[in-house]
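In what follows, a structure is listed as structure tokens, so that the remarks can point back to it.
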Amino acid sequence: MVVATLSAATGIPEQNLTLVLSILFGYLVAIIYRIALLRPLKTVWAPFIRNLYVAISGLSISYFFNGSDIKHSLITTIVTWFLCYFGDLIGNRKLACALSFVFNFSYLIVGYYVTATDEYDIDWTMPQCVLCLRMIGFSMDFMDGAKSSKSSVPVNSEKKTDDNKKVDSQSDALATRPPKQPISFEKNIQLQTLPPLIETIGYAYFFGAFLIGPQFSFNLYRKFITMNLFPDPKNIPTGSYRYALKSFLIGALYLGVQQIAVGFFPMSYILTKEYAAKSLIQRLAYMWMAGKFSFTKYLGIWTLAEGACILSCISLNGYDANGNPEWNGLANVDKIKFEFATSLNQIVGAFNTNTNIWTKIYIFKRLIFLGNKNLSSLGALLFLALWHGVYSGYFICFSLEYVDIETEKRWVKRLEPYTKPLYDSKNELKYKTIRGLHKFACWFGQTCGLHYAMISFELLKWDKVVTAYNSVYWIGHIVVFTLLFADMILPKRRTKKTEKIISLDEKVNNNVNNGYVNGTTKVKEQ
């Protein structure tokens, strides 16, 4: 009743408002956790108490969001745990992992089919898709744990501190974790023993991440509740409140802009006769804007959710070069990099980061038996397309983005002899204007490809997607496939074997990322 009243007063759809309120409840839960439990407790039950709080609070928020549909997430979490339990009992963790994969993925796909409508709905399948990856990763980590040697130190023990020995928190953090790198899936995340069921439930319903992500390993969650995540549990690094507030404000700003923009550029307008009557330039400009603001809601909601993770301190990511603690360990989007990226390859490392890492670890690398990187990439692409849903629009979007990235890679390499001098430090002043124009052209090109592909992701159904692309004569498809085929038939420039070609992305960004855009995979190294 209260949510319905607020929805009527603000004009925000009730489902959307329920989602935002659920995320904001995570802030309150995180603050209480921070005050009461984020410190050494003089009891061996400390990890259990922290986990119990996380489990109860997460289940409560889930019930507020899902109502009786909370049963779906409970069923999949408990069944996954028992599959792992019986797999360990019979000494066959591989079988348990395979059954867990099939069960969780099938449950999600059937859920999509049963709840499908003509629009994108915010219902129980949204957190279920997050849980699907979480439980599949959990069972794979448990399977991998059978191969790893047993640790000499119990991983579920509370971290001990010596009052007479000062812990150098900065050096410890830097030694264990490179700064500015995601901490969601570090090395050695295998589970040698099956965690208790209640601990698994706490992991599944972590209040800052069960609704829309981010994804992270059980190993990180266990280090969080045992305080092993912190170099000195008695002295939690400062700054998290400030960064959480920043995350909240930026997330709210993005969502506010999106709420206003959707009134000016509704996606449904693309399907109208009025839109079709406009000039081609006007239609393309509108499509660019509609695609742009479709991304805005994801940037906003992920940034808003990140604030609860920061408040709880699970996102501590070591220290920067100046010794200041960093709180971006579970950031799901690099907003500056995303907004000003000059290539789709840069977008890959800036958008939906933790899901991309999850897919690379648990899908792409597991397909190594195919013996071909392209086949592994296509396998990961198919998995992610199905994971999003059964609508044809997802497959059209992801496949087009895959082709876009492949085409971009080929032409960056082909044009390298002409663009490389622009970024040579010796020519910094000489080519300043041309370099700026080149960066703008690259930015505009990648946004055109990205926003054009996003149209099918938003419209979902085949007839709507066809109507939208017919209105602009499928220009995005024609351009990218023409460029791809042109690169195939044009003669290649010969280079000396000893010459090292550095791509534009490496020169500008010094970081070529392997990953996925909205689930579209393009990985260079396996």
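Here the Cβ of each residue, glycine as well, is placed from N, Cα and C on the backbone.
Marked as transmembrane segment by TrEMBL: 17-36 (among others).
The feature transmembrane segment is assigned by TrEMBL to 48-66 (among others). Nonlocal intrachain contacts for the transmembrane segment (48-66), taken as residues 6+ away from its ends with a CB within less than 8 angstroms of a stretch CB, comprise 18-19, 21-22, 25-26, 29, 33, 36-37, 41, 72-73, 124, 127, 198-199, 201-202, 204-207, 210-211, 225.
Per TrEMBL, the feature transmembrane segment maps to 72-90 (among others). Sequence-remote contacts of a segment are chain residues at least 6 beyond its ends whose Cβ falls under 8 Å from one of its Cβ atoms, and for the transmembrane segment (72-90) they are 62, 66, 96-97, 99-100, 103-104, 107, 111, 124, 127-128, 131-132, 135, 138-139, 142, 194, 197, 200-201, 204-205, 210.
Annotation comment: TrEMBL describes 95-114 (among others) as transmembrane segment.
For 148-180, the entry in TrEMBL reads region 'Disordered'.
Residues annotated as compositional bias 'Basic and acidic residues' in TrEMBL: 157-169.
For 203-222 (among others), the entry in TrEMBL reads transmembrane segment.
As annotated by TrEMBL, transmembrane segment applies to 243-265 (among others).
The annotation transmembrane segment is assigned in TrEMBL to 380-403 (among others). Here the transmembrane segment (380-403) has Cβ contacts under 8 Å with residues 105, 108-109, 112-113, 116, 129, 132-133, 344, 359-360, 363-364, 367, 449-450, 452-462, 464-465, 476-477, 480-481, 484, 516-523 of the same chain, all six or more residues outside its ends.
Counting same-chain residues at least six beyond the ends of the transmembrane segment (440-460), those with a Cβ under 8 angstroms from any Cβ of the stretch are 118-120, 267, 270-271, 287-292, 294-295, 340-344, 346-347, 389, 391-394, 396-397, 400-401, 404, 408, 468-469, 475-476, 480, 504, 517-518. Marked as transmembrane segment by TrEMBL: 440-460 (among others).
For 472-490 (among others), the entry in TrEMBL reads transmembrane segment.
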Top partner of the transmembrane segment (203-222) among 17-36, 243-265, 472-490 - counted as Cβ pairs under 8 Å: 17-36
Positions whose Cβ lies under 8 angstroms from the transmembrane segment (243-265), at least six residues beyond its ends: 11-12, 20, 27, 30, 286, 289-290, 293, 296-297, 299-308, 310-311, 327, 335
